[in-house]
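Written below as structure tokens is the structure these notes are about.
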Amino acid sequence: MVKVYAPASIGNVSVGFDVLGAAVSPVNGELLGDCVTVEAAAEFSLTNTGRFVSKLPAEPRENIAWQCWERFCQEIGKTVPVAMTLEKNMPIGSGLGSSACSVVAGLMAMNEFCGKPLSDDRLLTLMGELEGRISGSIHYDNVAPCFLGGLQLMLEENNIISQPVPCFDEWLWVMAYPGIKVSTAEARAILPAQYRRQDCISHGRYLAGFIHACHTRQPQLAAKLMRDVIAEPYRTKLLPGFSEARQAALETGALACGISGSGPTLFAVCDKTDTAQRVAEWLKQHYLQNQEGFVHICRLDTAGARVLG
């Protein structure tokens, strides 16, 4: 029996649309992510459990965990009969890399169970492919950090999909999910087909400056450069209360605040525990919209997906 945990992730991290992603885990030790368990069986079966199980597709073959098993077997050239259990702890359409969690945990669990026939690079390629089935296009900014951990920059050159970017251990990432759904497809459709030259220049400056500041250990500069001119100006209209929440977080002392992935989850970066707690409390009171919403104070998850048992 193999059980794999795959952590939540922040796609884009404001400044790196489709090319930056960060894995996060709550500081209190709670698991913010999905688990997949695989054990030997006479034939394949899939069982769904977890807090958000009701949000999964009713048709089993539409479940991404089923598709992970099917694609993995196709890749290794044989059918592996297993009993698979998906523990769905992540809300769907949350901007926390929910589908990436299921994909990463599912493929990694199968690979571990079968004695690691696939390399990490090949696994990551398959993860991007399967994630693309859900979001409509192949992008690695959730699956790469979820699988490998930390802050990852997508390169997709010289057979390198992503590489780690050094980040700041003192940073706390306050994650607030309001309890509503925003589909990735809808959030992409709202973006313009073309951008002004000035926005392109600003985007290049912010992203290059952020990566430089990370490598040269300048946390204040890095946080200042976490600006999004590509998606946030357009997506805020899909996120009730985001602009007010962002302003409140910054006024409370957050170094930066942005949309996690395509939303509706937001993240706020703080460098002091008491600031993070105050930001978290404000978000609990004002940004959450129903009982499904939650706020977690997190750190970067540098381990990525891992075997729990």
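Even glycines carry a Cβ here, placed using N, Cα and C.
Taken verbatim from Swiss-Prot:
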BINDING   Pro91, Ile92, Gly93, Ser94, Gly95, Leu96, Gly97, Ser98, Ser99, Ala100, Cys101  ATP binding site
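Remark: Gly97 (ATP binding site) has Ala8, Ser9, Ile10, Gly11, Gly21, Met90, Asn142, Val143, Pro145, Cys146, Gly261 as non-local neighbours, by Cβ distance under 8 Å and separation of at least 6 in sequence. Cβ neighbour count for Gly93 (ATP binding site): 21 (other Cβ atoms within 10 Å of its Cβ, all protein chains included).
Set side by side, the binding-site residues Pro91, Gly95 differ in how many other CB atoms lie within 10 angstroms of their CB, and the most is found at Gly95. Cβ neighbour count for Ser99 (ATP binding site): 23 (other Cβ atoms within 10 Å of its Cβ, all protein chains included).
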